[in-house]
Every structure is written in structure tokens, then in C-alpha cells.
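Trainee: Right, I'll just put the structure down here and ask away after.
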Amino acid sequence: MTEDNKSIKEQTGYHITDVTESAKLPTPFGIFNIIAFKDEQNKEHAAVYMGDITTDAPVLARIHSECLTGDTMFSLKCDCGFQLEAAMKQIAKEKRGVLLYVRQEGRGIGLFNKIKAYHLQDNGMDTVDANLHLGFPADARHYEICAEMFNYLKVKSIKLMTNNPLKVAEMKKYNINVVERVAIEVGRNKYNENYLDTKEERMGHWLTHGNH
Ligand SMILES: Nc1nc2c(ncn2[C@@H]2O[C@H](COP(=O)(O)OP(=O)(O)OP(=O)(O)O)[C@@H](O)[C@H]2O)c(=O)[nH]1
Ligand SMILES: [Zn+2]
């Protein structure tokens, strides 16, 4: 692993250093509140939430890792944009819930390296091998900061929208009470089906192929 890659790996373990007041965030799905967080690497994260999330009833929650291509450029190469929209809609439907938008682009390796990985994928590698080929772990994300955000927001227990078993395990590790795992399987298409199959086969994601 190069020095550059080592420092990226280290940078992904961070803690909250600053928090804003909350502000209103109107969206097509409803009016959310938004709070921004800063961490010790000066990365800026956000929580968007609706309703009173401090009460005892489990809160519908999503931990969304930044994906510039999927979240803002309508990429069909992954399922991120679809999941972001589905999660916000579901929270709006329940009128209560929280989405953490965490700046862990490219599963923690950053946009630059994700695009390098995409280039390798264009030439036949899968998402895991491309990361390994570049000297990174398959997934370089850390989740302690997510637990810090939930704690800051006084969220007591969550119904976590994810297909990723690691997210459930990590939240439990940081003493966030995950009372339920809610599947969020949306946006499968011909450009991301291999990617999703690899997540299922090599990263252990719970995918049923049920929602095309
Ligand atoms: N390194 C790398 N990152 C990717 C690739 N495709 C998507 N990502 C990033 O992966 C993150 C999303 O992770 P996913 O594996 O789709 O989903 P997850 O967050 O682990 O699990 P879910 O909660 O089920 O969505 C975002 O940060 C994306 O930028 C890829 O091919 N290589
Ligand atoms: Zn994506």
C-alpha cells in the first residue's frame, strides 16, 4: 500500500468537532430539517430528519454514503441515487425519520480513486478487485461518526434501511440500538446488476433481486 493510500485509510476514522443549528429543508417529498456536522478532517456531513426523533419509538434511519455520480449525476452504475430518493420518500411517508449523509465517497476512498476503480471496471474487474488492485480495502468506511451523529440527535433506537450487514454490526458495536433492518432494494438495472451481484456474493449484502 502506498503512503497516499495509507493516509486515505487513516482519514476515514474521524469524530465530530462542530455542529450547526438546524434549518428547514423543503424537498419534493416534504419539509425536512437539516443539520451539518464537521469532523476533525474538516469533512462536512449532514443529517436530514423529519418529526420528533428524540422519542422512544424506533426511528426509521438511513446511513447514506456519498456518491457524487449516483446522487447527483443520475448514474445507473450503482443504486445510490435510487436509494437516496427511496429513503427520503419513506421517511416523509412515515413523517418521522433521519438520513445521515456521510462524506465517504467511493466507500471511503474518495471520488478520484473511485473513478480510477471505474476505469478498471470498464476493463472487466469487479468492484472489489478494482479497489484491491488500487491498494485499498474493498470497503474503507468507518461508522463511529454515524453513531456520534445519532447520539447528538438523541435518537434512541433505529429501524435501519440497508442491505449491508456491516452497517448493522457497526451500529451495534457503537451501542446504537438497531431494532429492525429494513430492506432498501431499488434501482436494479442492466448497468448495475453485476455490481449488485458482486455486493451480494463478495460483500455479503442481503439482496433478494425482488425490486427491479
Ligand atoms: N470504491 C468504489 N465505491 C463505489 C463503487 N460503486 C459505488 N461506490 C460507493 O459505494 C458507496 C455506497 O455503497 P453501497 O455498497 O452501494 O451500499 P452500502 O452503503 O454499503 O449499503 P446499503 O446500505 O445497502 O446501500 C458510495 O460511497 C459510493 O460512492 C465502486 O465501484 N467502487
Ligand atoms: Zn453510487
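If you go along the chain as it appears here, the first residue is 1 and each next one adds 1.
Glycine is treated like the rest: Cβ placed from N, Cα and C.
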Trainee: Same GTP site as Arg62, Ile63, His64, Ser65, Glu66, Glu105, Gly106, Arg107, Thr127, Thr162, Lys167 according to TrEMBL: which of Gln41, Gln83?
Mentor: Gln83
Trainee: Same chain only, sequence gap of 6 or more: which residues have a CB within under 8 Å of the CB of Glu105 (GTP binding site)?
Mentor: Ser65, Glu66, Cys67, Leu68, Leu111, Lys114
Trainee: Of the recorded positions Cys78, Cys80, Asp139, Arg141, which one sits closest to His64 (GTP binding site) when you measure Cα to Cα?
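Mentor: Considering only the listed recorded positions, the nearest one is Cys80.
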Trainee: Quick one: of the recorded positions Cys78, Cys80, Arg141, which has its CA closest to the CA of Arg107 (GTP binding site)?
Mentor: Arg141
